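Structure, as structure tokens:
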């Protein structure tokens, strides 16, 4: 594969450019893993299509000279409402992995994955902006607690617990491309975990339910977790308003509406479709992040208009990291933020709070996707 | 064509893989017969498209460790709600035909076709799971009775009478490929039938109506059939709620909502579209099976959520049988069942009874099919 | 081009087959003229798409042995509700032109065009079924009267006056292919017409309005026409319910809902879309024919279910005529009629009168067209 | 590139033909600039798709011999409701630039752009029809006033102030093609402008808001402009009914509903979609022009039926100018006007005032665009 670039070609002007170019910088099997979705890809495609159902009014009579993307999110004061989603194994596309990503995350919140290929302490030492820690609950509570304490000690300012993949369906494309983690890359945070608990299947017992799902976090586990940290605690992978409401009632500080980038339930709805119902259920003050197919400033704007406080960016991190390391990540974020500013300028919304449902008009035709 | 495989390639991970690979194992004209639909293929395509109109909520707060696909169906206690649809002439793709299929149907109900290329007694001797018998009513009632008695004696536990193809429109593709039954394969159950009754067309009489449709089962015939067997009796090929209700009023035990895999009326609606109205008409206790385009665990889940008690799988049987004989059939069923378990785990539905309409959300965009 | 066939290849099993094969039998520029539509082809494409919005219930409990396609239409007793639409210049694809078509129209009503390339008297002498005459009103009433009298004398049993193309937009494809009538083919019925009336354009006058549209039939002309013949009089090219109602109030016997096969107003709606509103406006007893994209028995069925008494077939006449002359026309009509019988058999509608709106179910997905 | 044609090939029969052919007459990078849209092209594609949602009734009982496209627009008496939209830099495709365009604009209103590559005085000397002047407000009011006075003195009969691009998003395709203005072409009207005002960014200040948007016209500027000219004043780039109403309340004479040809906000709605709401908000007497994807007479008709008094044509001007200079422009306008006449003739609308909402029927299928 090509070595990372030291400077940016002048025709890198959108996240799509990074996606396209990154193919030359990423091993083919890794590319399939990164781009893949579960099953028949219904959820993955729905994420992209959903944005085209909404258009944004161009407004012309608003004074925009005090325009700003400044955002407040669970106690953080952020330059803009765009954050880096938790993505595992950054070292698959860059030797320094998450450390390089964190260096490029200027002014930007980064959510570090449990499945990071570099330790949270090293990432924190390099980070250009605030960090949150994404938690997969472990079979042994001690291991989970140990992860929490490391994240707190490293300075992470919130915990994001992912709930939508107690088991994860296969990406057919990644499987066929033969993707496996290379021996020198692993989930470093899990090295010290105890062995998984033994499972005795009953007669006719099914491994999925009696083994894997038996280790999935239950409501009791989630209550325990709420008590286990004083940090803001956010549940990720929520699409049903009822689940969202229950989590808030359990003391959670917010949720991430997400279908795991089309990598969890293969026929899950697009999270954009679910945002309005979730916001309506939780009310105006709940913290709601959005994750799923954001690639342009218009996408960010639409997610906010439909109920999100901020958005998370997944695959484009690794595209940019593969192409040009920290510089690529910083540039990718700059492009997206400037696109958001441009959309806000033309939509007549000087602040994030002005981006409400009334800025949108529904359309019945796809617009943004090539047919 | 390639000989059947003795072991499964590692990249066979979905029913689509069997469909694709099977092309190398099936004679071209037979392939066209198998894949074909009637007329302009509207019904065939509608079957596939219909699933994409529904998405499934990912739920996160349900304890799934006692999850199970166990199902009850017309007196049977089944490991899962996936059964083999009646398909004729399995010997077209495998020398041992239905016997090989039956050996692979582990834990799975198989509905043997009147048009089987192996006798029901041989199939029953080899079967790994329960059998039902699919009945085409014959021109002579004696012949029909004889079929019934053979099925009962062989141990079939229900009769499925197919009603949607008193005449069957041509598959244009099969016709053009020159598909004909080879001389060594026939519908063995019909060998002893009497000659068809003579028809005297009236002036301007039309063969379709006065000959073929005159032999189609009438309401009187169906009442006679109800009295002719003590087995559960299920009518297949129903899409109109009114027909469904009448059949239950006549003492039938259930129906199969189906458009014959797109092989009957070429502009019939997708059966998935009709399921809710049929379930609503018949009430919660009626036995309703579904047949039409099921290829994934999500498809099974959606059919159940929209009203089915179980689903039937057609073409994939022969794909799997052609690729790897009994082993292929067993593996294909395992894949589908495990996909269903995975969807149930992520959808938060521990039992089949939990799969209700509220697990779905309607979408207005296609997702699962490439366009 | 290929000479006409003397016998039919065995794989001619649908009207699509005739369309495809006919390309080898028709001069390329003539093919473009035949297949073409006006402008951007919106109307032409809408005709095809409209059918896919409706599916047909498969019904299973109806006794069909007395099924029949017999139809009554403006005093005629017809074997089926499929008629040949008026199409000009059949000699473009066959030396004997309309005479050959008429010989193939067994049991079938043929509507002879004013623009026929063979005289109505010769067509009538050869006709295998009843004839109607399609009238374009001429600039001089004497010429119109002369056409009417010839049609009456030749035995035509109704007059169909076409109203939707007082001017006809260009087919871009035919224009670019350089289509012109060859010197030996003309509209024989118009040879004796007087010269067109002189037009003196006013200052800033526009030829379209002051010359062409000034010769278009007005309400007064249409009233005159009503009085000029005792034959049933049917207006063709109607899509608006208001126009339909006015024509019936003027004493017209019926209408043809049509957009001239996509050859008139280039953004006209599909006539299938307009049928229900027109039928609702005119009531159950009005004579309503349908014309626009019928290619299968299902299409015929759907048009009748949505309000038509009968359908007209346009381009497929010339496809069949080009491929195999009279034999082709007869076979094409036989295929379509048998498809209609098959659909009726499976839809449980023994007579044309049974084909009502309740036989259809609306769908939101296209089915019949490749994507 | 090819030199301009002196005479027109016979197969130039629609605006699409000019678009296609012009590619041979325009430098590749200039072509990308001309055809391009902002961002992901959602707005650009929406413009085309929107027309296909409406069909036009073919009417048959209207006397059309006094048909006319004559239009009244903000004091002008026009032969037809089709005008030339403001487009910058015509010299990119023709040495004489806007002068050649103006010579071809027979009977046609031309809106000259602030970004013209030829001075308004020269254009006015050559113009074959009335002129309006499109104004971009300049950072210094004196410069704006100077532009206004030049336009008034040159005889422009109205001012069109464009509001939807205070900043303009990049066309990715034009950027990648390396489009830049060649040295011999510039915006001649801006040569004498003063230097832009200095900007001191505050800490964390963003250039887009504090520099560019700080120079965007505010409500105060627009009120000042209203007082600065006695000519009719029309605001261009409006899609929200609220903005439209406010501008009229400020004394503006009308608006242009437009998304800048898909070159402004990249997810803006199609202006055709917004027309009905804007007309409904402003009432029947307001001056509303439409701009966005008009390529056929049907498109003109639909825009008028949905609320426009007249339409503006953008890119096709340059296509025609590139192909055949003034002759091309005149011919392109003739084609479009004649298409409009033809549609009016078939739709039974003798005057522009007859083109109301009731001439349309909504469709749920795309028709005019190939997919």
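Just so you know, glycine gets a Cβ as well, placed from its N, Cα and C.
Here TrEMBL flags A:7-365 as domain 'FMN hydroxy acid dehydrogenase'. As annotated by TrEMBL, FMN binding site applies to A:86-88, A:113, A:134, A:162, A:236, A:258, A:291-295, A:314-315. According to TrEMBL, the feature glyoxylate binding site maps to A:136, A:260, A:263. The annotation active site, proton acceptor is assigned in TrEMBL to A:260.
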Checklist entry - Looking only at A:136, A:260, A:263, the residues listed as binding glyoxylate, what is the longest Cα to Cα distance in Å? => result 15
Next on the checklist: Between the Cα atoms of residue A:263 (glyoxylate binding site) and residue A:293 (FMN binding site), what distance do you get, rounded to the nearest Å?
Outcome noted: 12
Item to check | Pairwise CA distance, residue A:291 (FMN binding site) versus residue A:136 (glyoxylate binding site), rounded so that it is a whole Å | outcome: 17
Checklist outcome for this item: Candidates A:236, A:295, A:315 (binding-site residues) passing the 10 Å Cα cutoff around residue A:260 (glyoxylate binding site) are A:236
Checklist outcome for this item: In this predicted model, the domain 'FMN hydroxy acid dehydrogenase' (A:7-365) has a mean pLDDT of 96
Checklist entry - Which site among A:236, A:260, A:263, A:295, A:315 has the most other CB atoms no more than 10 Å from its CB, taking these as binding-site residues? => result A:260
Next on the checklist: Same chain, not part of A:136, A:260, A:263: whose C-beta falls within 8 angstroms of the C-beta centre of the glyoxylate site? Give them in sequence order.
Outcome noted: A:162, A:164, A:165, A:168, A:237, A:261, A:264
Checklist outcome for this item: Rounded Cα distance in angstrom between residue A:86 (FMN binding site) and residue A:136 (glyoxylate binding site) is 11
Checklist outcome for this item: Rounded to a whole number of Å, the separation of the Cα atoms of residue A:236 (FMN binding site) and residue A:136 (glyoxylate binding site) comes to 10
Checklist outcome for this item: Around the Cβ of residue A:136 (glyoxylate binding site), other Cβ atoms found within 10 Å total 20
Checklist outcome for this item: Integer Å value for the Cα distance linking residue A:295 (FMN binding site) with residue A:136 (glyoxylate binding site) is 26
Checklist outcome for this item: Cβ neighbour count within 10 Å, max among the binding-site residues A:86, A:88, goes to A:86
Checklist outcome for this item: In chain order, residues whose C-beta lies under 8 angstroms from the C-beta of residue A:293 (FMN binding site), counting only those at least six residues away in the same chain, are A:47, A:48, A:50, A:51, A:261, A:262, A:270, A:272, A:299
Item to check | Nonlocal residues around residue A:134 (FMN binding site), in sequence order (Cβ under 8 Å, 6 or more apart) | outcome: A:86, A:111, A:112, A:113, A:114, A:159, A:160, A:161, A:162, A:236
